[in-house]
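Undergrad: Feature list, courtesy of TrEMBL:
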type: DOMAIN; residues: 44-448; note: domain 'Amino acid transporter transmembrane'
type: REGION; residues: 1-25; note: region 'Disordered'
type: TRANSMEM; residues: 41-65; note: transmembrane segment
type: TRANSMEM; residues: 71-96; note: transmembrane segment
type: TRANSMEM; residues: 121-142; note: transmembrane segment
type: TRANSMEM; residues: 173-190; note: transmembrane segment
type: TRANSMEM; residues: 202-223; note: transmembrane segment
type: TRANSMEM; residues: 243-262; note: transmembrane segment
type: TRANSMEM; residues: 282-301; note: transmembrane segment
type: TRANSMEM; residues: 331-348; note: transmembrane segment
type: TRANSMEM; residues: 369-388; note: transmembrane segment
type: TRANSMEM; residues: 394-417; note: transmembrane segment
type: TRANSMEM; residues: 429-448; note: transmembrane segment
Amino acid sequence: MTIGDISPKKERKSRRSKHVVDEKAPLLPKRQDEAGGYDEFNGASFTGAVFNLSTTIVGAGIMALPATMKVLGLILGIAMIVFMAFLTDASIEFLLRFSRAGKSTSYGGLMGNAFGKYGRIFLQVCVLVNNIGVLIVYMIIIGDVLSGTSSSGVHHAGALEGWFGEHWWNGRTFVLIVTTLGIFSPLACFKRIDSLRFTSALSVALAVVFLVITVGIAIIKLISGTVMMPRLLPDVTDLTSFWKLFTVVPVLVTAYICHYNVHSIDNELEDSTQIRPVVRTALALCSTVYIMTSFFGFLLFGDATMDDVLANFDTNLGIPYSSLLNDAVRVSYAAHLMLVFPIVFYPLRLNMDGLLFPYSRPLAQSNTRFACITAGLIAVIFLGANFIPSIWDAFQFTGATAAVCLGFIFPAAVTLRNHHFIATKKDKMLALFMIVLAVFSNAVAIYSDAYALFKKNSGAGPRA
């Protein structure tokens, strides 16, 4: 995986046969040719890698994008989605270029190369905070969609309750236990990320199902003349509306975060030279889904678009079979998140192992360690989603910080550190821009979340 290999064919061969022990990069299992049961793996395919990376990108954030169009307008909103895709591509290129130069096979190894042991540990902690938070939020959303929620003081029936009535077996806790034992746990037991390529393909397909339903409804309402012309530019009338434009920055900045899985996918590719086309194909696919979801979601609901557009599908859409379409959207989205879960869980487990056992043999070679870490993390996520009511509020703050660090601050910091003297002046200027954007985005996100939390708590106080 070094720069300067003459023949891709030779590189593919060396990637299958060599076993490198890098104490600075304990996060990823190396090729397991000597370990029993892995000899048949000849490398991941291009298509499988694209689906895995696309699934890492398209998580719950897709539902917040139509609301950014309400604030920015279609022209500026779509332009920002495209701009963030290019910026993400540049940050991943920094990661891969400096990883090749330092012969690092993991994100943690790259940070350890540039900033020593504490740089690696800081990266691992950020992955833990970000991914545990994301997976808890996924589990909460799945519970809300299937079993309903009363968190706002008003009970919203879930899909199962709406179909079969209220029973013990479609209660929130039981549904999540079944989902955890029947779906999350089996999918979390794969030792290679490439083994998730089929579930990742299905996950992307389910996101497309949501998109197709939204497009279909929008076209029907457009033909019937019940859809207004969407706003093309932001509506700025005073200082307050101007500052409101910046509240969507955190949503856009974190829309493409997938950096913690790039090395895992790269390490398993049959031909490592394909990783750049894989990244660009995945970003192009996700950008297309994002743009169409944002455009048709905003076209359909206009200024009534909620911060989470899924909430708009809890009302009468004003067309035949509205209830059936609402259920199809909500259930397909819940199923999508179930299949995103293992792809986000995979780097979480590797980084937890790297943090606790930095000098042990690769995790895939130790079944006991693998099983214990997997079971422990799933238990923590389940308990957090079911029994800690305020945990979502906490992760709004920590998650925003960890995500921008993983996506932009760390790749930019590695570039500015320039440990191998390969960064150009243009690279350093772009890295500085990434850091400024990430810090600004994080500050806005923390301020917005704190303000919303303050208003919610003050509004929930005793009434006279």
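The chain as shown is numbered from 1 upward.
Glycine too: its Cβ is placed from the backbone N, Cα and C atoms.
Nobody curates TrEMBL annotations by hand; they come from automatic prediction.
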Undergrad: Residues sitting near the transmembrane segment (282-301): Cβ under 8 Å, six or more positions beyond its termini, same chain?
TA: 50, 53-54, 57-58, 62, 65-66, 68-70, 74, 77-78, 81-82, 85, 88-89, 204, 207-208, 210-211, 214-215, 217-218, 221-222, 227, 230, 255-256, 258, 309, 312
Undergrad: Thinking of Cβ pairs under 8 Å, which stretch from 41-65, 71-96, 243-262, 331-348, 369-388 has the most of them with the transmembrane segment (429-448)?
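TA: The stretch with the most close Cβ contacts to the transmembrane segment (429-448) is 243-262.
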Undergrad: Between the transmembrane segment (173-190) and the stretches 41-65, 71-96, 121-142, work out which stretch tops the count of Cβ pairs under 8 Å.
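TA: Between the stretches 41-65, 71-96, 121-142, 121-142 has the largest tally.
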Undergrad: Using a Cβ distance cut-off of under 8 Å, indicate which of 71-96, 202-223, 243-262, 331-348, 369-388 has the most pairs with the transmembrane segment (41-65).
TA: 243-262
Undergrad: I'm a bit unsure how to read this: which one of 71-96, 202-223, 243-262, 331-348 has the highest number of Cβ pairs shorter than 8 Å with the transmembrane segment (121-142)?
TA: 331-348
